[in-house]
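Peer 1: Quick one: the structure is below, and I'll ask about it shortly.
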Amino acid sequence: MEEKQFSGILNGAVPGEPVKKDENSRRGNWGNQIEFVLTSVGYAVGLGNVWRFPYLCYRNGGGAFMFPYFIMLVFCGIPLFFLELSFGQFTSLGCLGVWKVSPMFKGVGYGMMVVSTYIGIYYNVVICIAFYYFFMSMTNLLPWTYCNNPWNTPDCTGVLGTSRANTTFANVSAVMSGLTEIVNRTKRTSPSEEYWRNYVLNISDGIGNFGEVRLPILGCLAVSWVVVFLCLIRGVKSSGKVVYFTATFPYVVLTILFIRGITLEGAVSGIKYYLTPQWEKILDAKVWGDAASQIFYSLGCAWGGLITMASYNKFHNNCFRDSIIISVTNCGTSVYAGFVIFSILGFMAHHLGVDVSEVADHGPGLAFVAYPEALTLLPISPLWSLLFFFMLILLGLGTQFCLLETLVTAVVDEIGTDWIIKNKTYVTLGVAIIGFLLGVPLTTQVSNKNTLAHEKKLIMVTTTIFLKNYLVLALKYVSPTPKQLINRFLPLQRLKNSVKPDPDWGPALQEHRKGRYATTGPESVEVCPLKEDLKDEGKEKLKETEDEIGLTIPGSNGSTLNPSPSA
């Protein structure tokens with residue numbers, strides 16, 4: 001008995017409560033709270049922590065940016081994070097079901113699903129690019145090291161000069177390479193950039209020319225979706241075990257890269273560039289805006305993922321504690337990643353004899369151009385490249401797990417039948433297949449140019465396709481006419497009801513419905529585990545009621561007689 005109680009405490013149960021394997025047996029729970037925390041950390045700590053925060057930090061005043069960043073964390077990030085966790089945990093519902101609190105705002109839930117869909121499609125394309133670079137790093141010489149490849153242009157200038165295969169005029173070529181670098185430094189194109197643009201993406205000549213699907217990228221995209229599906233094949237039961245590795249190993253890689261980076265010449269100058277405060281920039285409203293946007297973007301607030309993950313918690317879990325742990329871990333990871341990135345970039349700038357600002361970049365430009373080029377300068381560069389891109393894959397997968405689970409949970413909760421809950425795996429498979437198909441256009445030559453090269457252009461291209469192929473049909477065949485809108489929203493009673501909670505709003509389990517959420521009448525009876533027990537209990541209560549009421553018979557003198565049941 002004591003062993004079962006101890007196991008229940010580890011699983012998030014409150015001492016004294018009945019210990020169950022799953023508190024919500026119909027929907028399921030996390031195996032333990034460590035799984036939830038690791039999953040949420042993996043969701044929050046993503047690619048943006050590595051390729052977005054360090055750039056924002058040095059662009060917005062270095063160490064001075066930390067002040068508005070942590071102010072926004074304390075007063076905006078953590079409260080909203082805690083709100084979403086509480087919302088999901090209280091109702092045990094996903095981003096659609098929670099809006100039973102006020103059905104009028106259910107559109108917010110659909111908006112969360114749209115955001116998760118949109119980001120999920122894009123995110124997995126980035127993961128597939130990381131997979132591609134990971135596979136290409138399994139070689140003795142990284143393919144973006146030199147400029148003597150078919151995809152290189154005359155403007156290409158490598159940081160290592162010519163290929164080691166060309167040994168006849170090695171010394172002369174090295175001198176000429178140095179002179180060329182000095183002359184063309186202002187228009188220098190690195191081999192890593194040309195490898196990225198001309199070989200990996202093979203960018204077309206314009207947005208009107210879609211070109212062809214890049215088959216290697218398409219294959220890696222399929223690999224990405226297969227990995228995500230397999231990790232989510234049993235929902236949180238399987239993903240909760242996977243995150244023990246995917247959420248922790250990136251920190252091992254970051255630490256290895258950090259130790260290697262700070263031992264390089266020029267690393268200190270890169271870190272100084274990253275941290276040197278420019279206090280005058282604190283007065284710039286744009287700096288505060290960037291700090292707020294990074295907090296919301298990094299924590300994943302309002303995407304539906306936090307509500308979804310918390311919905312699988314046990315009812316009495318301390319989500320306030322979890323919100324602080326996860327939020328602080330996320331922001332600490334961002335700062336730590338800045339040291340890793342700028343130590344290597346400082347070494348690269350020192351090697352080229354330029355300022356750190358000339359080699360610093362953000363987004364895909366940092367992950368697939370600047371940092372890979374810096375890695376070519378290290379001994380055993382393929383090893384460091386493998387570690388770096390494996391870290392990117394894990395960081396991306398941690399976020400992708402939650403994005404996909406958000407969509408699946410929303411669909412399953414909305415339908416809510418026993419069949420859909422039992423066959424949730426097929427829903428996951430269907431969503432993964434649809435996500436893969438929607439990602440195929442992003443593997444074309446034009447989409448690569450306008451999505452992965454610049455994150456903002458992804459929004460433009462995908463939104464254009466969406467508006468052209470979907471909204472036109474929706475406006476023509478689905479949208480209500482003005483007359484229908486008037487008839488729908490004019491009745492004041494309907495509007496009044498739309499802001500009232502649904503009758504079944506509240507905790508999912510009857511045992512937790514207390515106070516204002518307690519039901520009255522027959523629904524307040526606690527449900528027994530077995531149907532036979534419920535029948536026996538009902539019979540006993542019915543017999544007791546009959547014994548108490550009895551039969552009232554008026555007497556001749558005006559009195560009443562209550563004969564015994566035997567009479």
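Cβ atoms are placed via backbone N, Cα and C, with glycine included.
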Peer 1: Identify the disulfide partner of CYS156 as annotated in TrEMBL; candidates are CYS128, CYS147.
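Peer 2: In TrEMBL, CYS156 forms its disulfide bond with CYS147.
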Peer 1: Choose the correct range: of 36-54, 169-187, which one does TrEMBL annotate as transmembrane segment? Give that range.
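Peer 2: In TrEMBL, residues 36-54 carry the label transmembrane segment.
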Peer 1: Taking the centroid of the Cβ atoms of GLY42, VAL45, SER298, ASN330, LEU395 (Na(+) 1 site), which other same-chain residues have Cβ within 8 Å of it?
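Peer 2: After dropping the recorded site residues, what remains is VAL41, TYR43, ALA44, GLY46, GLY48, ASN49, THR333, GLY398, THR399.
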Peer 1: Name, in the order they occur in the sequence, the residues of the same chain whose CB lies under 8 A from the CB of ALA44 (Na(+) 2 binding site) and which sit 6 or more residues away.
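Peer 2: Same-chain residues close to ALA44 (Na(+) 2 binding site) (Cβ under 8 Å, separated by 6 or more) are SER298, LEU299, GLY300, ILE326, SER327, THR329, ASN330.
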Peer 1: With Cβ distances under 8 Å as the criterion, find the stretch in 36-54, 66-87, 108-135, 324-349, 383-404 that has the most pairs with the transmembrane segment (425-446).
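Peer 2: Looking only at 36-54, 66-87, 108-135, 324-349, 383-404, the most contacts with the transmembrane segment (425-446) come from 108-135.
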Peer 1: Applying the under-8 angstroms CB criterion, which one of 66-87, 108-135, 295-312, 324-349 scores highest with the transmembrane segment (36-54)?
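Peer 2: So the stretch in question is 324-349.
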Peer 1: Near the transmembrane segment (295-312), which same-chain residues lie under 8 Å Cβ to Cβ, leaving out any that are not at least 6 residues past its ends?
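Peer 2: Same-chain residues near the transmembrane segment (295-312) but 6 or more away: 27-30, 36, 39-40, 43-46, 48-49, 52-53, 69, 72-73, 76-77, 80-81, 84-89, 91-95, 98, 109, 112-113, 115-116, 119, 236, 319, 327, 330-331, 334, 399, 402-403, 405-406, 409-410.
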Peer 1: In the same chain, which residue numbers or ranges, 6 or more beyond the ends of the transmembrane segment (66-87), come under 8 angstroms Cβ to Cβ?
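Peer 2: Here the qualifying positions are 57, 98, 282, 287-288, 291-292, 294-296, 299, 301-302, 306-307, 310, 313, 319-320, 322-324, 326-328, 331, 335.
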